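J.: Annotations for this protein, taken from TrEMBL, read as follows:
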DOMAIN    1-130  domain 'Nudix hydrolase'
BINDING   Arg23, Glu34, Phe35, Pro36, Gly37  8-oxo-dGTP binding site
BINDING   Gly37, Glu57  Mg(2+) binding site
Amino acid sequence: MKILLVVAVALVDTDGRVLIAQRPQGKQMAGLWEFPGGKVEAGERPEETLIRELHEELGIETQEDCLAPLTFASHAYPDFHLLMPLYICRRWQGLVQAHEHADLKWVRATRLRDYPMPPADEPLIPVLIDTLAHV
Ligand SMILES: Nc1nc2c([nH]c(=O)n2[C@H]2C[C@H](O)[C@@H](COP(=O)(O)OP(=O)(O)OP(=O)(O)O)O2)c(=O)[nH]1
């Protein structure tokens, strides 16, 4: 089984809400809500991938020292095994815009279950709830 390395990030705003992004029509898992990110390309470090994807997908700029490792997903899809480090980021420049997604939403971690997410993401939700419980 091929292991696919995808990096993702929980962007957290000053109210403690997390950004989720809706996968567009025409892609696998269209309509589901995910954390921004994408596949690590050849020659890239995961942090470089995230900075690139945040620029491409959301039009924001981030620096490596604003990306903190939080947890990871490890999930067997039928055709690949997804290994997905999840970073947390509270500082960036610019306003988020949906360049590649159908929609974006800022949600409390405790409300993430209201939005259908890929099965790999479900175990990440309690980690975010714990991490952001104090906010
Ligand atoms: N970015 C992101 N991808 C996720 C999450 N959960 C999850 O299962 N995935 C999967 C969906 C895809 O199979 C893969 C991410 O690949 P991708 O976003 O770079 O590529 P894609 O399938 O959308 O399409 P493409 O670029 O190959 O055209 O990881 C998540 O929370 N965020």
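Any Cβ shown, glycine's included, is placed from N, Cα and C.
Explain the structural surroundings of these features, please.
T.: Sequence-distant neighbours of Phe35 (8-oxo-dGTP binding site) (same chain, 6+ apart, CB under 8 A from its CB) are Ala8, Val9, Ala10, Val18, Leu19, Ile20, Ala21, Leu86, Asp121, Leu124.
Spatially close to Gly37 (8-oxo-dGTP binding site) yet at least six residues away along the chain are Val6, Val7, Ala8, Val9, Thr49, Leu50, Glu53, Met84, judged by Cβ distances under 8 angstroms.
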J.: Cα-Cα, whole number of Å: Arg23 (8-oxo-dGTP binding site) versus Glu57 (Mg(2+) binding site)?
T.: 11
J.: On the Cα atoms of Arg23, Glu34, Phe35, Pro36, Gly37, which are listed as binding 8-oxo-dGTP, what is the maximum pairwise distance in Å?
T.: 11
J.: Can you check what DSSP calls Glu34 (8-oxo-dGTP binding site), collapsed to helix, strand or coil?
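T.: The three-state answer is strand.
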J.: Over the span of the domain 'Nudix hydrolase' (1-130), count residues by DSSP class, listing helix, strand and coil in order.
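T.: Result for the domain 'Nudix hydrolase' (1-130), in helix, strand, coil order: 32 helix, 45 strand, 53 coil.
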J.: Fill in the CA-CA distance, Glu34 (8-oxo-dGTP binding site) to Glu57 (Mg(2+) binding site), as an integer in Å.
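T.: With distance taken Cα to Cα, Glu57 (Mg(2+) binding site) is 12 Å from Glu34 (8-oxo-dGTP binding site).
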